[in-house]
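Here is the structure we will look at, set down as structure tokens.
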């Protein structure tokens with residue numbers, strides 16, 4: 001999504017009145033508190049009275065006051081975990097629920113595999129390519145956990161820290177891990193793809209890493225995840241609809257279930273940012289504007305192969321042509337976030353944040369117009385035929 005943006009906005013946010021109280025610098029918040037000052041990136045964090053070993057403390061070198069805000073909403077994060085926005089292993093679906101049962105007698109299992117292959121044979125190659133790209137993106141999960149642990153104040157310094165933020169990141173990862181597993185096994189069973197080539201792409205993507213330019217800032221980080229989870233939900237949902245239209249009910253159910261997970265995760269991250277807006281409206285608005293200015297980069301943007309350094313762009317173009325994920329979707333996500341966070345109603349802003357507010361309110365409309373112009377331009381430029389290693393060199 002390499003598009004240029006311009007925009008603007010204004011308004012008022014209604015939320016609970018701030019609760020006055022001393023802010024601590026630990027990640028052990030257990031009750032709601034509120035910040036009554038504007039967060040400054042260079043502000044000094046208060047000294048902590050808790051005797052916590054240094055290695056167990058969250059990083060707070062760049063954004064100590066923003067970390068204080070994240071401390072204050074930690075109780076809220078735990079409430080979302082307890083309230084069902086994450087599932088434990090006993091309640092969660094598992095990949096094997098959607099695949100032929102290998103514990104059945106051999107011939108019965110073979111029959112189920114044959115039937116799944118027969119149905120998958122009818123999937124168009126273009127849809128198969130988008131499904132592969134989505135699966136590769138999901139399989140790069142280690143990169144995304146790494147990203148969460150770069151965010152100051154919400155990181156997991158030990159890998160097993162007993163905080164709501166630590167529990168959230170680990171349990172979220174455990175849920176997401178099922179997505180790549182399930183899509184990977186489905187594609188393997190179809191017999192229509194070169195799994196070794198796909199596995200090499202996964203290795204290269206994880207090795208290349210991913211930088212959404214959140215700069216270790218927890219505000220920027222959770223604004224990014226609020227956007228990206230919704231984008232992923234849209235992509236999986238649309239692939240599922242195309243699979244259903246092609247007659248593959250099993251794949252349609254798989255994609256719908258994954259999209260359902262992304263919807264829960266999207267809601268949680270957006271609720272986290274909503275709490276940040278309540279406590280630090282100016283800081284949150286400025287961070288939101290910053291992320292929209294830079295644009296949300298897709299997590300698989302560094303996908304590549306030796307023979308095609310533009311692999312991600314080629315995959316993205318097919319996804320756009322199939323209306324799986326487009327520039328219009330991007331604009332609609334911005335509009336959704338503005339509405340969910342009631343950006344136009346936020347009050348108590350600094351002059352700089354008020355300007356950012358005006359900018360953000362106008363941005364979705366401007367981007368939508370730009371996306372529509374780009375769509376018309378792409379329609380006049382048919383894709384050049386390409387040989388795809390993922391599907392055994394077939395030309396698309």
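For all residues, glycine too, the Cβ spot is worked out from N, Cα and C.
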Quiz item: Pick from 152, 199, 229: which one does TrEMBL list with 176, 262, 265 for the same Fe cation 2 site?
Solution: 229
Practice problem: Select one of 138, 301, 305: the residue that TrEMBL places in the Fe cation 1 site alongside 176, 179, 262. | Solution: 138
Quiz prompt | 179, 265 as binding-site residues, winner by CB count within 10 A | solution = 179
Practice problem: Please report the number of other Cβ atoms within 10 Å of the Cβ of residue 138 (Fe cation 1 binding site). | Solution: 24
Self-check item: Cβ neighbour count (within 10 Å, all chains shown) around residue 262 (Fe cation 1 binding site)
Solution: 22
